[in-house]
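Encoded as structure tokens, the structure appears first; notes follow it.
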Amino acid sequence: MEYGFKTLAAGVVFVVLLLQQAPVLLATDEDPLQDFCVADLDSEVTVNGHACKPASAAGDEFLFSSKIATGGDVNANPNGSNVTELDVAEWPGVNTLGVSMNRVDFAPGGTNPPHIHPRATEVGIVLRGELLVGIIGTLDTGNRYYSKVVRAGETFVIPRGLMHFQFNVGKTEATMVVSFNSQNPGIVFVPLTLFGSNPPIPTPVLVKALRVDGGVVELLKSKFTGGY
């Protein structure tokens, strides 16, 4: 009986130690296990990212893209800017690589309104024109506002999760290209999020948060009923 108890106890200890090592035993690896994992955007497999296409179906065009070679219509929306995205949905070859890009073109006086990328740090270069780049720190910094007019050939960096914007202060159109350390950086446009959410944020919540009356909130909501 005593021998059986010792055997059982030893077995329990072994299982506990095994469970403690479970993260090591999982079939995962933090490093790439293949050269490429071209996203299968039509796959119904749910993973953190996209399932891989078979190598035989990937071809080699996934390594290249010309999408941001030209910009979009800067007058297509009230912001006076146009974003050409090059994330994994537009460039399946970046799947699992942790990178993506955007091109943003601005009309004179155009803006890329205050927004946040929740999943990526951003680094950018101005290709032409002059852009006021503004970055707002967290409450830890006293909501400090950092800004500079960035000109052609100059660069900027925006830490992950910080609110920021770009505004064309020049008299001609401007263009910038930005890169992210995520294949899908995500974006939260602050005005659209507050006043164009679906379903809408209750007006009394915004009245209290913004310290204005309900008429102001309703007016702002009316400006974003059509989205971006």
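We count from 1, first residue shown onward.
In case you wondered, yes, glycine gets a Cβ from its N, Cα and C as well.
Heads up, TrEMBL stuff is auto-annotated, nobody curated it.
The model shown is predicted, which means the values in this text are computed figures rather than measured ones.
Among the features that TrEMBL reports, signal peptide is placed at 1-27. TrEMBL lists CYS37-CYS52 with the feature disulfide bond. What TrEMBL records for 66-218 is domain 'Cupin type-1'. Under the heading oxalate binding site, TrEMBL lists ASN102, ASN112, HIS117, GLU122. TrEMBL lists HIS115, HIS117, GLU122, HIS164 with the feature Mn(2+) binding site.
Between the alpha carbons (Cα) of HIS115 (Mn(2+) binding site) and GLU122 (oxalate binding site) lies a span of roughly 12 Å. Predicted-model confidence for the domain 'Cupin type-1' (66-218) is 97, expressed as mean pLDDT.
The binding-site residues in question are ASN102, ASN112, and the one with the fewest Cβ neighbours inside 10 Å is ASN102. Same-chain residues that are not part of HIS115, HIS117, GLU122, HIS164 yet have a Cβ within 8 Å of the Cβ center of the Mn(2+) site turn out to be ILE116, ILE158, LEU162, MET163, PRO185, ILE187. The oxalate site is defined by ASN102, ASN112, HIS117, GLU122, and by the 8 Å test on Cβ atoms against their centroid, the other residues of the chain that qualify are VAL83, VAL104, HIS115, GLY124, ILE158, HIS164, VAL178, PHE180, PRO185, ILE187. Only HIS164, of the recorded positions CYS37, CYS52, HIS164, have a C-alpha within 10 angstroms of the C-alpha of HIS117 (oxalate binding site). Around HIS117 (oxalate binding site), a 10 Å sphere centred on its CB holds 24 further CB atoms from the protein chains shown. For the binding-site residues listed here (HIS115, HIS164), the lowest count of other CB atoms within 10 A around the CB belongs to HIS115. Cβ neighbour count for GLU122 (oxalate binding site): 20 (other Cβ atoms within 10 Å of its Cβ, all protein chains included). Of CYS37, CYS52, HIS164, all annotated as recorded positions, the residue with the shortest Cα distance to GLU122 (oxalate binding site) is HIS164.
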